[in-house]
Structure formats: C-alpha cells, structure tokens
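Chemist: Sharing a structure with you now.
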Amino acid sequence: MKFLPTGLLILALATATALAYDPSPLQDFCVAINDPKVFVNGKFCKDPKQVTADDFLFKGFRYPGNTANQLGSKVTPAFVDQFPGLNTLGISMARIDFAPGGLNPPHTHPRGTEILVVAEGTLLVGFVTSNQLNNTLLTKVLYKGDVFVFPIGLIHFQLNIGKTPALAFAALSSQNPGVITIANAVFGSKPPISADVLTKAFQVDKKMVDYLEAQFWYDNN
C-alpha cells in the first residue's frame with residue numbers, strides 16, 4: 001500500500017485550516033460585546049473574568065415562531081448577534097417553523113454551510129448548483145428525522161408539503177453565516193436596482209418589474 005508523503009499531508013491540513021471561513025479561537029472563549037465606536041471583522045471579547053454560564057445559554061428555541069405571515073414560516077436565528085457565546089466558535093443554529101404550505105424562500109448563506117434536521121412534518125427541500133454545473137436543482141422530500149445539507153453559498157429553500165405544521169432545526173458552519181433572500185435582494189433592494197438591469201436580466205417588460213418592486217417583500221428571519 002502506498003502512502004502520501006508526510007510533507008504533502010501537512011500541506012493539505014495547513015491549507016484546509018487556512019481556508020476556514022471563521023478563524024479559530026486563540027483562547028477558551030470570546031463572548032461578544034458590542035462597541036458602537038469601532039467596527040471589526042467579528043465581535044470584541046467580553047472580559048473573561050466577567051463571563052457567566054448565561055453567556056453560553058440561548059432560550060430562543062423554546063417556543064414556536066409566529067408563522068402568521070405571507071410566507072407561512074418563521075426563522076429564529078441563534079447567530080452571534082442573538083447568542084454572544086458563539087463568538088469565534090465558528091458555529092450557529094436556527095429554528096424554522098412552518099405552517100401547512102409554509103415556505104422558507106430561496107436564499108443563500110454567503111459564509112456558512114447549513115445542515116438541517118426535520119423534527120416534525122414533511123418538507124420539500126432543495127438547492128441549485130452554480131453556473132459551472134448548469135444550475136442543476138437537487139431536491140428531496142424529507143420526513144421526521146431526516147437530515148439534509150446545503151453547501152455554502154448555494155441558493156436553497158424548504159417548503160412544508162404536509163397538512164400539519166412542520167419544524168426543523170439547522171446548524172451552520174459560521175457564527176455569522178449571513179442570509180440573502182433572493183426575491184428581497186433583487187426586487188426589494190434600497191435603492192431599487194435599475195429597471196433596465198432587471199428587464200434585461202429576467203427577460204420581462206418594465207411593467208412586470210415595476211409590479212414586483214412594488215410588492216412587500218417579507219423577511220421571515
């Protein structure tokens with residue numbers, strides 16, 4: 001049996017570490033605090049001597065999110081802004097509640113891969129590959145206990161196709177994975193994207209663009 005040279009293995013591991021999206025912590029923890037006077041790539045650390053167990057507790061998943069909206073879904077994020085103990089740890093979560101027929105619309109996480117587990121109900125999920133792979137749709141129906149992964153940066157969605165409410169939990173590979181909801185970003189940007197751009201990009205007339213831009217684009221996060 002042939003083995004890879006030790007130097008090559010070390011290089012591969014070093015490269016994988018260097019390409020990580022969230023930097024590795026240099027101390028046991030770094031509970032986030034907000035400093036409105038300074039902007040940094042991440043959050044400042046709370047004095048470790050003032051840290052308590054409560055900094056590592058998030059209670060936001062105890063109760064269902066309000067799905068009485070036009071999408072029929074509600075995402076409750078546990079990112080670093082809501083859960084300061086996550087700072088520098090490179091991980092976060094979200095609870096997603098669905099009414100019957102509820103949709104978590106096409107969106108991306110620019111800084112994190114998402115792995116989703118269905119706790120209740122039946123979901124149709126999918127993601128679309130990049131242009132390089134011809135924008136192929138990969139989709140699956142998930143049942144209670146099923147797990148599905150959405151690669152970093154790719155457009156994906158979840159739709160409750162059952163007749164009862166559904167519940168899912170997602171873990172993401174960043175303390176601050178970000179969310180870009182496609183419809184909101186394209187047709188609800190402020191200021192709006194030029195109609196000349198959108199009519200050509202979507203091959204529709206200006207009347208349709210004006211109609212879409214006039215809609216109220218609900219954010220379920």
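Each Cβ is built from the backbone N, Cα and C atoms, and glycine gets one as well.
Heads up, TrEMBL stuff is auto-annotated, nobody curated it.
The signal peptide annotation in TrEMBL covers 1-20. The disulfide bond annotation in TrEMBL covers CYS30-CYS45. The domain 'Cupin type-1' annotation in TrEMBL covers 59-210. Per TrEMBL, the feature oxalate binding site maps to ASN104, HIS109, GLU114. Annotated Mn(2+) binding site per TrEMBL: HIS107, HIS109, GLU114, HIS156, in sequence order.
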Chemist: Across the domain 'Cupin type-1' (59-210), what does the mean pLDDT come to, as a whole number?
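Modeler: Averaged over the domain 'Cupin type-1' (59-210), per-residue pLDDT gives 96.
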Chemist: Once near-sequence residues are set aside, which residues in the chain of HIS109 (oxalate binding site), 6 or more away, have Cβ atoms under 8 Å from its Cβ?
Modeler: PHE150, ILE152, GLY153, LEU172, SER174, PRO177, GLY178, VAL179, ILE180
Chemist: Compute the centroid of the Cβ atoms of ASN104, HIS109, GLU114, then list the same-chain residues not in that set whose Cβ lies within 8 Å of it, in sequence order, for the oxalate site.
Modeler: ALA94, HIS107, THR108, LEU116, PHE150, HIS156, ALA170, LEU172, PRO177, VAL179
Chemist: Taking only the Cα atoms, work out how far HIS107 (Mn(2+) binding site) lies from CYS30 (disulfide bond), in Å, as a whole number.
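Modeler: Pair distance, Cα basis, whole Å: 29 Å.
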Chemist: So which other residues, same chain and not among HIS107, HIS109, GLU114, HIS156, have a Cβ within 8 Å of the centroid of the Cβ atoms at the Mn(2+) site?
Modeler: THR108, PHE127, PHE150, LEU154, ILE155, PRO177, VAL179
Chemist: Can you name the recorded positions among CYS30, CYS45, ASN104 whose CA is within 10 A of the CA of HIS156 (Mn(2+) binding site)?
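Modeler: Close recorded positions: ASN104.
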Chemist: GLU114 (oxalate binding site) to CYS45 (disulfide bond): how many Å between their Cα atoms?
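Modeler: It is 26 Å, counting Cα to Cα.
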Chemist: Given CYS30 (disulfide bond) and ASN104 (oxalate binding site), what distance in Å do their CA atoms have, once rounded to a whole number?
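Modeler: Here the two Cα atoms lie 32 Å apart.
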Chemist: Between CYS45 (disulfide bond) and ASN104 (oxalate binding site), what is the CA-CA distance rounded to a whole number of Å?
Modeler: 33
Chemist: If you count other CB atoms within 10 A of each CB, which of CYS30, CYS45 wins among these disulfide-bonded residues?
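Modeler: Comparing the disulfide-bonded residues CYS30, CYS45, the most crowded Cβ belongs to CYS30.
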Chemist: For ASN104 (oxalate binding site), which residues in the same chain are close in space, meaning a Cβ under 8 Å from its Cβ, but six or more apart along the sequence?
Modeler: LEU71, SER73, VAL75, ILE96, PHE98, PHE157, GLN158, LEU159, ASN220
Chemist: 10 Å Cβ neighbour count around HIS107 (Mn(2+) binding site)?
Modeler: 22
Chemist: Let me know how many other Cβ atoms fall within 10 Å of the Cβ of HIS156 (Mn(2+) binding site).
Modeler: 23
